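Read the structure below first, then the notes.
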Amino acid sequence: MASEAVKVVVRCRPMNQRERELRCQPVVTVDCARAQCCIQNPGAADEPPKQFTFDGAYHVDHVTEQIYNEIAYPLVEGVTEGYNGTIFAYGQTGSGKSFTMQGLPDPPSQRGIIPRAFEHVFESVQCAENTKFLVRASYLEIYNEDVRDLLGADTKQKLELKEHPEKGVYVKGLSMHTVHSVAQCEHIMETGWKNRSVGYTLMNKDSSRSHSIFTISIEMSAVDERGKDHLRAGKLNLVDLAGSERQSKTGATGERLKEATKINLSLSALGNVISALVDGRCKHVPYRDSKLTRLLQDSLGGNTKTLMVACLSPADNNYDETLSTLRYANRAKNIRNKPRINEDPKDALLREYQEEIKKLKAILTQQMSPSSLSALLSRQVPPDPVQVEEKLLPQPVIQHDVEAEKQLIREEYEERLARLKADYKAEQESRARLEEDITAMRNSYDVRLSTLEENLRKETEAVLQVGVLYKAEVMSRAEFASSAEYPPAFQYETVVKPKVFSTTDTLPSDDVSKTQVSSRFAELPKVEPSKSEISLGSSESSSLEETSVSEAFPGPEEPSNVEVSMPTEESRSRYFLDECLGQEAAGHLLGEQNYLPQEEPQEVPLQGLLGLQDPFAEVEAKLARLSSTVARTDAPQADVPKVPVQVPAPTDLLEPSDARPEAEAADDFPPRPEVDLASEVALEVVRTAEPGVWLEAQAPVALVAQPEPLPATAGVKRESVGMEVAVLTDDPLPVVDQQQVLARLQLLEQQVVGGEQAKNKDLKEKHKRRKRYADERRKQLVAALQNSDEDSGDWVLLNVYDSIQEEVRAKSKLLEKMQRKLRAAEVEIKDLQSEFQLEKIDYLATIRRQERDSMLLQQLLEQVQPLIRRDCNYSNLEKILRESCWDEDNGFWKIPHPVITKTSLPVAVSTGPQNKPARKTSAADNGEPNMEDDRYRLMLSRSNSENIASNYFRSKRASQILSTDARKSLTHHNSPPGLSCPLSNNSAIPPTQAPEMPQPRPFRLESLDIPFTKAKRKKSKSNFGSEPL
């Protein structure tokens, strides 16, 4: 992996009003062509100036625009390509760090690096082709080693630093705001700048008291030539550091002094990190010494392109700070980073947005066509940037009114929660009512359908006569067919024209013309009725074509041809072919791709049919009345492609007027509900009219067409011959709120930007021109440095001198130049040694001070340790030291908590009552022993051991009472053997006497021997002989 050094530039500001009042002299000189900076020691004018070379050097007359175009532009351009970048300003307080990073809005040339980075990022985003970007911004500060979110609801809340194996170090709970334009980024920057901690010092009236980091996170999705997405992510950190301070110059006291101490500690940790990275022998880099160095861990020696802007003060009053800044910057040049493109990050939010957009578009595409969806999305007006900013950014929190703001947020949350609950409850109630209405409609539909079927069974009894006559004529056909010389008495010619019940997904079908009904019918006298047209009952169901029925009846004596033109519709399954035509006819039809062959019409005997009444007219009229009710019970669904099947029906043998109401009713109804009703009606007709055919069709029905279970809104539709049957098998679409889905889709698409100015040639040319300028400036700097090296090289040796004197003069000039360099090197070594000596003295003083503090703490510990209770765990300090451990993240020791172990000694004599020892151990348990009680017990124990007479003449009863006390019995055991004899005899008391012992009296009453002298004497006389001397 290729590595690159940290780029370092220096910028020297003009003198401010304070320095001019102090009549300070400039000590810094800058050579912009060679990127060199020199500083002269004001205390040693004879010494040569110290010279430093960087990647860029800018003096007082240079503006921020030039700095950005020459140095910062390539780094920010790399961020839009997937690299990580960091730009941070370093220097003492009042040196112009915030001016370099933030800048001034007027004049435009002095705008800071941060707002220029905004313009650059969105310029690259808008010019990109086939790439979408998700740009987010965050703003934080480090104040007194506490991380705060400058864009959060509570800017004073402390945030924690976490570390992830893939993301690295990050701030937990930091708010990220999606931005779409430069205006939104500037608004975020201004909001965070107002919340930043600033203070007044003698060197700067608006001194930054914290380090701030503005982060721009970019996620990009590029589409290659193959149409595959490539996801990359880049991050740009714009760091404005607080300046190092000297208390003698800033006059910081109190809170300002505490802030200055924290600032100097963090900057010192940053310097240590830089020194450790430059020194190749150092194995440990102290990133954890400060939160600033932890957040910049990836920027210093990691996967980041880094630019350091060292800000200088030209005044001689700040010579030491300026020299220290130059040394730090010169050291940072040698840091090597290893930047790489962040490809396919696992936690990319842009990938989640793209997947959600695809899902939402799929949902909307099911409800509307893609063209209408794209038109609807294109008509949407993007929201006003100001309104978007107000939604993205919280309002600044007023410090003195935090509680009121919290209360307002709480009330708003409760109001939203109540509104959501009310909406949910109303939706549930509406759903319940809708289910009740659907159930009622279905019940009404079932009742009416059952009533209609019952009426049809009664009305179709007349059709039985038609079936009987039809069978009789079929059986007599053989007799008439054998005699060819007999002319037909009646000829019936049927012309069947196919009709298609069209839906949105209906497949195209071929036209089928005249169909032969049967080849076995005999010729009959021709009857020609009057012509009529089948009119459509509804303009909406215009899929059935109008057909004309032409029938000629010249007279009862002369036969004529009867042509009937009626619609025959598609059938949905073979089930109905077998059901209506029989097994043989259905098999014949299915074998020829479900179409009947075109043949000449045959003459059909139709004697006796002209006088029959039409039983279908009344039925179809009732079906038409139910159309509106049935249409509400079924939800609309998309139709599937259907294959039309043309079949003849027994109703073709009826009068032409008999078929008209059926066609009209089928055309009037919506596609699904009427087919449900009409199929049931026609099936009952076929069952009744043709019992023989129906019985023959039962076997093939079970084998050919087994209906599959479908949802309640779609089922197998059975229809009579001559009508089209459609089977709906599509699943119902998910019920979604189209407006909510559309609003979410628009919101997600607005989050993603990119390619808005892809066709703008002027903007692209400007973008390329600025990139070329940065490359040319870098080449010029490299050439200037090479020329500088040649000046100090051996080019002089190539000259040819005309005389010895000319050569001596040239050699003298070269020697003077080398002597100046030698003198500068000696001064530099002396300065480094002096700095090292000062640091060594400082380190030794710190070590001595820490040793004195350690000795003080050790002496205090030796004095305090004997006072610690023995039942406390801190009485054993060695164990506490073994259990303690250092917390690297928080920077303090984790020590055990103090614990007091409550212990009580067991009772020595088990025959006495337990209430008295419990009372005595309670004081010890509480940790507060009664010192007066202890002294009184000690006095009693001494009197017992010294007063021989009292011990000798002591009664048994008193000794029994005293023996119940464990501590008193222990004191008697410690007495001399001769004096403990009276008490030792009490231990020989039989166990039977133990329950008869009296209750013990209070301890203090034992010393009063006056009331019990007589009793003691009597008992002593009785036991005098038994007691040993």
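Yeah, the Cβs are placed from backbone N, Cα and C, and that goes for glycine too.
Per-residue confidence over the domain 'Kinesin motor' (5-335) averages 86 (mean pLDDT, predicted model). Annotation comment: Swiss-Prot describes 5-335 as domain 'Kinesin motor', evidence class sequence analysis.
Under the heading ATP binding site, Swiss-Prot lists Gly91, Gln92, Thr93, Gly94, Ser95, Gly96, Lys97, Ser98, citing sequence analysis as support.
Summarising the annotation, Swiss-Prot assigns coiled coil to 346-462 (among others).
According to Swiss-Prot, the feature region 'Disordered' maps to 523-569 (among others).
Here Swiss-Prot flags 532-551 as compositional bias 'Low complexity'.
Annotation comment: Swiss-Prot describes 647-673 (among others) as region 'Disordered'.
Among the features that Swiss-Prot reports, compositional bias 'Basic and acidic residues' is placed at 657-673.
Residues or ranges marked as coiled coil by Swiss-Prot: 739-846 (among others).
Feature annotation from Swiss-Prot assigns region 'Disordered' to 908-931 (among others).
The region 'Disordered' annotation in Swiss-Prot covers 968-1029 (among others).
In the three-state DSSP scheme, Thr93 (ATP binding site) falls into the coil class. Within 10 Å of the C-beta of Ser95 (ATP binding site) we count 27 further C-beta atoms, all protein chains included. All protein chains shown were included, and the count of other CB atoms within 10 Å of the CB of Gly94 (ATP binding site) stands at 27.
Note: Gly96 (ATP binding site) has non-local neighbours Arg11, Arg13, Cys311, i.e. same-chain residues 6+ apart with C-beta under 8 A of its own C-beta.
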